[in-house]
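*Asks:* Below is one structure. I have some questions about it.
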Amino acid sequence: MTLIESIHARQILDSRGNPTVECEVTLMDGAAGRAAVPSGASTGMHEAWELRDGDKSVFMGKGVTTAVKNVNTKIADALEGMDATDQAAVDQAMIELDGTPNKKELGANAILGVSLAVAHAAAASTNQPLFRYLGGAGARMLPAPMMNIINGGEHADNGVDIQEFMVMPLGFERFSDALRCGTEIFHNLKKVLSDKGYSTAVGDEGGFAPDLKSNQEALDVIMTAIDKAGYKAGEQVWIALDAASTEFYDKSSGKYSLDNNQMSGDEMVDFLAGWCDKYPICSIEDGCDEDDWETWKKLTTKIGDKVQLVGDDLFVTNVERLQRGIDEGIANSILIKVNQIGTMTETIDAIQLAHRNGYTSISSHRSGETEDSTIADLAVAMSTGQIKTGSASRSDRMAKYNQLLRIEELLGDAAQYGGPLFAKRITG
């Protein structure tokens with residue numbers, strides 16, 4: 001039987017050494033599922049609530065024992081006996097139990113851990129891999145990796161404003177070949193940086209965090225690394241950015257502080273458009289502040305026909321904010337982070353709403369991760385076609401890539417790679 005027998009949570013540590021929630025769900029037929037919850041560094045103000053203990057004497061206030069207790073008492077009691085294969089009902093029960101718009105009462109980290117573990121348990125009970133359980137027999141598209149090879153902003157202790165400089169190996173037929181390409185570029189970039197006298201220490205997401213002279217220098221060294229790895233920029237490999245503009249936007253003045261310049265919204269749009277003219281940039285995430293809808297509209301009008309414009313802090317995996325973007329013609333893609341909204345059901349709802357309206361979706365990690373690889377299965381299950389899960393270092397990032405390699409092997413000849421489809425979309 002797929003009825004929930006028991007739910008247990010514990011406090012574990014994420015990739016930054018901060019506490020996070022891990023949940024285990026056991027069904028009456030003996031099947032079990034486990035999931036761990038990620039955590040972000042640059043978080044949008046509209047995200048679901050991550051419940052921390054706040055006791056500064058323990059883990060500097062970042063403990064999650066309250067969230068763990070909520071799982072082991074209130075949530076466990078409410079869900080016992082429910083059918084794990086009815087994910088929507090399970091998630092709705094937790095939403096109603098919490099009773100707040102942003103899951104502040106129980107904590108989105110408590111609710112999400114259970115939601116993901118329930119999906120894993122149901123998949124195990126039905127003897128299916130998670131991607132097939134969630135996506136059905138037609139789930140066979142491997143996502144193009146957005147490989148974060150230079151970290152800046154909130155993800156690194158350096159002078160680079162842009163949070164992530166990524167490479168996207170799109171011009172390949174198989175995911176495994178694309179992953180090899182990105183990895184080879186990463187290793188070549190290490191030598192390029194070392195030869196220039198820069199540090200090759202890595203940031204939270206496994207990319208290098210050199211103290212470069214400017215954001216543009218980051219683009220230049222990446223172009224050099226692509227060439228030295230033997231690949232062609234703009235034909236096989238493209239560049240993607242996560243500006244995380246909210247982090248350098250002053251709401252009182254309406255100015256963006258970038259490269260030691262104060263820019264208006266119009267100037268920010270022109271600045272990003274200029275980069276797209278000079279470099280093979282295929283995607284820009286959070287190019288504007290999370291609530292600067294006016295500048296977002298201008299950016300979409302200017303370059304949205306040739307560049308993927310991704311809403312992360314803008315949409316926070318929330319169908320209401322995404323619907324506003326759709327209605328107003330703002331952005332053309334949504335970043336999917338399970339902990340921004342807090343349940344598997346709401347995450348899938350956001351992906352499906354995006355796809356119905358011609359928006360792309362990207363399954364994404366957070367800067368604070370664990371060995372949990374749920375987002376890899378989710379990317380294949382929902383045919384997102386793209387995944388953002390860090391660089392070619394740190395085992396918390398490799399866990400997702402390695403899971404995708406296993407899925408590709410399992411699918412065999414049926415496997416598709418999403419890179420060429422996305423390349424066609426941006427090149428026409």
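The backbone N, Cα and C atoms fix where each Cβ goes, and this holds for glycine too.
Note that the structure is a prediction, hence the values are computed from the model and not measured.
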*Asks:* Of ASP211, ASP220, ASP312, ASP313, which one shares the Mg(2+) site with ASP242, GLU285 in Swiss-Prot?
*Replies:* ASP312
*Asks:* Select one of LYS190, LYS191, LYS337, LYS400: the residue that Swiss-Prot places in the (2R)-2-phosphoglycerate site alongside GLN163, ARG366, SER367, LYS388.
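*Replies:* As annotated by Swiss-Prot, GLN163, ARG366, SER367, LYS388 share the (2R)-2-phosphoglycerate site with LYS337, chosen from LYS190, LYS191, LYS337, LYS400.
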*Asks:* Taking the Cβ of each of the binding-site residues and counting other Cβ atoms inside 10 Å, which one has the highest number: LYS337, ARG366, LYS388?
*Replies:* LYS388
*Asks:* Using the recorded Mg(2+) site (ASP242, GLU285, ASP312) as reference, state which further residues of the same chain have their Cβ within 8 Å of the centre of those residues' Cβ atoms, listed in sequence order.
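*Replies:* Going along the sequence, the neighbours come out as GLN163, GLU164, LEU241, ALA243, ALA244, ILE284, ASP286, VAL310, ASP313, LEU335, LYS388.
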*Asks:* Using the alpha carbons only, what distance in Å do you get between ASP242 (Mg(2+) binding site) and GLU205 (active site, proton donor) once rounded?
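*Replies:* Given the Cα positions, ASP242 (Mg(2+) binding site) is 13 Å from GLU205 (active site, proton donor).
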*Asks:* Among the recorded positions GLU205, GLU285, ASP312, report those whose Cα falls within 10 Å of that of LYS337 ((2R)-2-phosphoglycerate binding site); none is a fine answer.
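*Replies:* Close recorded positions: ASP312.
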*Asks:* Work through the recorded positions one by one (GLU205, GLU285, ASP312) and name whichever has its CA nearest to the CA of SER367 ((2R)-2-phosphoglycerate binding site).
*Replies:* GLU205
